[in-house]
Ligand code: NAD
């Protein structure tokens, strides 16, 4: 930290930040801060203090998750927390008023420091966000966050922040009482807007610090309505119980952190600060050691890695995109493309289809305008990147064509040939097929090295993952270009060799659920087996959402590719459902009926009468049924790594969690095997194999890990290097 005296005010700048987003050198910074403040307190060298970042972009970074993971015991972590708590409590009790001047992100430890100060000023910049995201890493704020926030923003406001981990804008923070004053960011002048804003913020903060020291601004906070509410014991009790019930419902008791957060807040309020701080430091220590937190931190770090292009920049930057098909997927892809500044053509065969597509894209931005998240000028500027048409004009300057037409190989071949006739030689042809092998599509191409699969998930703007699928002919440069486009569209990218990783794994789970259905286990029960393990939705609900016809098509392709090993349930059931028009949510009924409440569809029960099988009595416990579903999908993941379809356990885990909703608290199939034990999984699968056959044959990689318990997928920190 650098210190600078402006008359009676000491301005402390956190300067130990080497990049725009702060690099975490947490303990070092805190020691420094303690030393600097210690001198001020001892020598009374200033009447007030301003804390500000030396660089725009971030007030102070949160605790370093790698540093936490290097601790081997809870006690070690607890004592780190206590150190930070002690410093922040000294700041809070400081006789010299301390002002936090915030521009950029003020999260985790940064927010805890800011809330320990006597006054907070934040810029109204879009980049300024405040929050306590620890819960998303399976942790809690361990430097007083659970103790100070309830006093500052009330019990409900604090629970909302602590349990959701959401980012709060400067405006919202001001309304909540989290920030005392806002300043407008400045535009460009002789210096950059960022530098000018920081200087201005500092100037305002110094003024406020002086006023606090001279008592022109009172140090006491005005009483809020919630102070009175907080004073009522029975009301508080009711709040704890309501919130606990809500968290139980949302987390299905699978995540420990939210419950610990409630406990720490409660302890602080009901038993006093000392008990509260102690509970907080101890809970933090315990949480860092949980498998849930390790899994969530692993995913967080993994996402950061998957947001980098490990194939390097492409030879030619992709600037102009053309999208074929303005349906559900095409319009979604157009939306995420224009939003990120790609010049984009959206083409379909009819005027009607393209105007519907255009409307969808427009509406997505217009909704943001209505919600005041965007101004109409921005919406119009973004929309000006989009042109809609029914012919191929403009394709002569396209760098990449993304195809999202009907899922039919003949149609795909037809458009591929048409596109190659009108586009320049460097232009890449990317297909968004759900299940057709990319090499089959590329078979019609004159330049197969330029053909690649970019698999978006629906809804495109919400789903973070994109799978990039190469064939043995796809060039490295095409791969680098496809990854760069998906990253620019804001996606997390995993790359697959021939085959579809996520579809394979999800499909195997579906095939086994079908088998359960034939054995008399209801769709509701099967879905419960998946959701009680932590999936958000079960396999049948997902299929209804995606479309039963699409599910059938994908399953048929997969069964064709993998034969009896992949089978399980009978696809005849699904075929009959499609023939009868039971196509899922889009047709109002599928495996379930969607009336006022969701219920099992009796028509499916009727179809099932022709497909019943007797359940082997040896495997009928709920646990067995659950692990029939899970073991197949986990084994399929490992097999994909073994076959080189995916490159690393990390990409496999990210793909599974963000692609088909593998429960995040387990970290993904690979981390799950590490935690659960490969040997345990193998012995379960062998038992199932004896009864059902080769669907349950453990793959070699799983067997290898079972044989040698010291073998782990995550031995050291996660890496994207080839496995
Ligand atoms: P959709 O039916 O909503 O849209 C397809 C569009 O393509 C239609 O508007 C149609 O008019 C247009 N089209 C057909 N032939 C064309 C041609 N020759 N030139 C230009 N446009 C043409 O389908 P969708 O759900 O958007 O799926 C598109 C592709 O994406 C399919 O291959 C599908 O398998 C794949 N996909 C779908 C999902 C999903 O969840 N729906 C997810 C991933 C991938």
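Yeah, the Cβs are placed from backbone N, Cα and C, and that goes for glycine too.
The site 'Important for long-chain enoyl-CoA hydratase activity' annotation in TrEMBL covers 112, 134. Annotated domain '3-hydroxyacyl-CoA dehydrogenase NAD binding' per TrEMBL: 320-494, in sequence order. Annotation source TrEMBL lists site 'Important for hydroxyacyl-coenzyme A dehydrogenase activity' at 455. Annotation comment: TrEMBL describes 467 as active site, for hydroxyacyl-coenzyme A dehydrogenase activity. Marked as domain '3-hydroxyacyl-CoA dehydrogenase C-terminal' by TrEMBL: 499-594, 628-706.
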Between the recorded positions 112, 134, 467, the one whose Cβ has the fewest other Cβ atoms within 10 Å is 467
Closest by Cα to residue 112 (site 'Important for long-chain enoyl-CoA hydratase activity'), out of the recorded positions 134, 455, 467, is 134
Rounded Cα distance in angstrom between residue 134 (site 'Important for long-chain enoyl-CoA hydratase activity') and the residue listed as 'active site, for hydroxyacyl-coenzyme A dehydrogenase activity' is 28
CA pair residue 467 (active site, for hydroxyacyl-coenzyme A dehydrogenase activity) / residue 455 (site 'Important for hydroxyacyl-coenzyme A dehydrogenase activity'), Å rounded to integer, equals 5
Per DSSP, the domain '3-hydroxyacyl-CoA dehydrogenase C-terminal' (628-706) contains 63 helix, 0 strand, 16 coil
DSSP output for residue 112 (site 'Important for long-chain enoyl-CoA hydratase activity') maps to helix
The domain '3-hydroxyacyl-CoA dehydrogenase C-terminal' (499-594) resolves under DSSP into 66 helix, 5 strand, 25 coil
Once DSSP output is merged into helix, strand and coil, residue 134 (site 'Important for long-chain enoyl-CoA hydratase activity') belongs to helix
Residues near residue 455 (site 'Important for hydroxyacyl-coenzyme A dehydrogenase activity') by Cβ (under 8 Å) yet at least 6 apart in sequence within the same chain, in sequence order, are 432, 433, 434, 466, 467, 468, 469, 500, 502
Per DSSP (helix/strand/coil reduction), residue 455 (site 'Important for hydroxyacyl-coenzyme A dehydrogenase activity') sits in strand
